[in-house]
């Protein structure tokens, strides 16, 4: 059985769409452009869902300490 570590999984998701849930209940969907060892992430072509409001953003830097869940290939419904 092959073990895939979290950073390895994220590395495979570079240039793919990801869905991210933050600790403050905000959600982001965007194309993953990069990340570091602390899970700080850069997303492009982002849709932010905050309290039922959808906002489109060109890019965003997310603080890894505030991320709860990362779903490669995920979409905001």
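From the backbone N, Cα and C atoms, a Cβ is placed for every residue, glycine too.
As written in TrEMBL, here are the features:
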DOMAIN    5-76  domain 'Sm'
Counts of helix, strand and coil residues, the domain 'Sm' (5-76), according to DSSP: 10 helix, 41 strand, 21 coil
Integer mean pLDDT for the domain 'Sm' (5-76): 93
